[in-house]
Amino acid sequence: MRTYVIVCFSLGFAAHTFLDTMKRLYFIEPIVAIYAFASFMVYPLVQQYVYRRLWLEITNSSYPVSENTSQCAFNNTSHSRQQDEVQKAASLFSMYSDLSSMIPSLIVTLLLVAYSDQRGRKITIIMPLIGSLVYTLSFLAVSFFELNLYLLIAASFVSALFGGIGTMLGGCFSYVADLCEDSKQKTLRMAVVDMMIGLLAGVASISTGYFLHAVGFNWPFFTSAIFQVVNLIYAVFILEETRVIDQSETVACCQAMQELARGICNLFVGGSSQRKWVLVLLIVTFSSLSFVNTGGLSMITLYELNEPLCWSEILVGYGAAASTSIFITSFVGVYLFSLCLPNIAIAFIGMLSVAISMFMTAFAKTTLMMFLVRIPAMFAIMPFPVLRSMMSKVVSKSEQGALFACVAFTENLSTNGSSAVFSRIYAATVAWCPGFIFLLGSGLCIIPISLLGIFRCFHSVDSNESQALLSEDETEASDDPPVV
């Protein structure tokens, strides 16, 4: 018994020492990587699971699948009409799910990411991880016990109360901004974060297709939940805080809310008039591009499951992996283009990449063409880290949280809104032109391209001009070393 107590004490002391040592890590990339892997084990399955359940309810028959394609390619006219009904029902379900999570996610994102300026960045990372775990476990319960499908909409609402991917990315980019001293380092580090999303999401997407084909939906959901638990442990016990918080300072709830509102308002009220319109123009450009890009991507899986492609779960996994590989090629593009081109030119190239790829997707009717449309999309993610870096350069370090709260808020609004809008349009047009939604997305790309053109005509952000946009006190603050 004495030996047992000694061993337990030794193990406990060793674990405490290990955690105490590891807690001094400032690497956000592992959290982003595990989050991307766990999330993209679930995201490709969501529409497929809903699609199969609706197929069962509408056609009163099980969903037929072969090794490489679903049997929709061999359907008769009657089944083709049922196929359209399932497509409409699935797209409307996606719209309801997005709308149920949009409002709470927007509010939580704005409050948490702005609050991180006063109370630290980790809360904006930990809360969305909890919400993601709740959502995955809810999906596992619905799948395992074959519960009512519309419980997933309630799960979306509950998980959104903890924030969403926009909340976590807003916290992560604020965390990165705290650690970086110059704009080039900031751009590359943010591009690395985006690349980690694509790299691990691609691996997860490929493995999910085979996983689903071999064991069904339950085990992928369970595996994703395990990874999210590991990620939560890393975020709570190992990741270090970048902003040192004085625990002796207690702030009343009302005062905290006033500080949040003041920090956000100062972005657009304080500073020069030039800084105000620069921030507004860049945020609107970022949001409009996010609206188009996310809206188009949200319909890709349904488009692949529909005639004439009729992809199986394995091909859907490969398609998702090909799409997420764009994050890697975009990172390489940012790194190489930044050596010889200004940020605004890099953003233009990325926006053209989005427009061309969506236009080609509208006319992709074969498996080969559907994979080839990923080639012009290889730089589609480049504008996002570049625009974030451009916005980050014109505010002080003490305002990074408020800035990325606004960016995450508008990004959440545009992505959730675009998913709902594109889902509704797809449901209305799938019977006569399934590719119409991508033609619309390609045409809408003219909005962010035009806004960036206006920005280029009247202003160009370099290291000297960005400092001129700050007040004298803010400039001194921005020249300080990172908060760490």
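A Cβ is built for glycine as well, from the same backbone N, Cα and C atoms used for every other residue.
So that you can see what the record holds, here are the features copied from TrEMBL:
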type: TRANSMEM; residues: 25-46; note: transmembrane segment
type: TRANSMEM; residues: 99-116; note: transmembrane segment
type: TRANSMEM; residues: 123-145; note: transmembrane segment
type: TRANSMEM; residues: 151-176; note: transmembrane segment
type: TRANSMEM; residues: 188-213; note: transmembrane segment
type: TRANSMEM; residues: 219-239; note: transmembrane segment
type: TRANSMEM; residues: 277-303; note: transmembrane segment
type: TRANSMEM; residues: 315-337; note: transmembrane segment
type: TRANSMEM; residues: 344-363; note: transmembrane segment
type: TRANSMEM; residues: 369-387; note: transmembrane segment
type: TRANSMEM; residues: 425-455; note: transmembrane segment
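Spatially, the transmembrane segment (425-455) is not adjacent to the transmembrane segment (188-213); fewer than three Cβ-Cβ distances between them are under 8 Å for residues at least 6 apart in sequence. Of the candidate ranges 25-46, 99-116, 151-176, 219-239, 344-363, 344-363 contributes the most Cβ pairs within a distance under 8 Å of the transmembrane segment (277-303). Between the transmembrane segment (369-387) and the transmembrane segment (315-337), three or more CB pairs separated by 6 or more residues in sequence fall under 8 Å, so the two stretches touch. Ranked by the number of CB pairs under 8 Å to the transmembrane segment (344-363), the listed stretches 25-46, 188-213, 219-239, 315-337 are led by 315-337. Simply put, out of 25-46, 99-116, 123-145, 188-213, 219-239, 188-213 has the most Cβ pairs sitting under 8 Å from the transmembrane segment (315-337). With a cut-off of 8 Å between Cβ atoms, the residues of this chain six or more beyond the transmembrane segment (99-116) that come close are 123-124, 127, 153-154, 156-157, 159-164, 166-167, 170-171, 174, 243, 256, 260, 263-264, 401-402, 404-406, 408-409, 412-413, 416-417, 420. The stretch from 123-145, 188-213, 219-239 with the most CB pairs below 8 A to the transmembrane segment (25-46) is 188-213.
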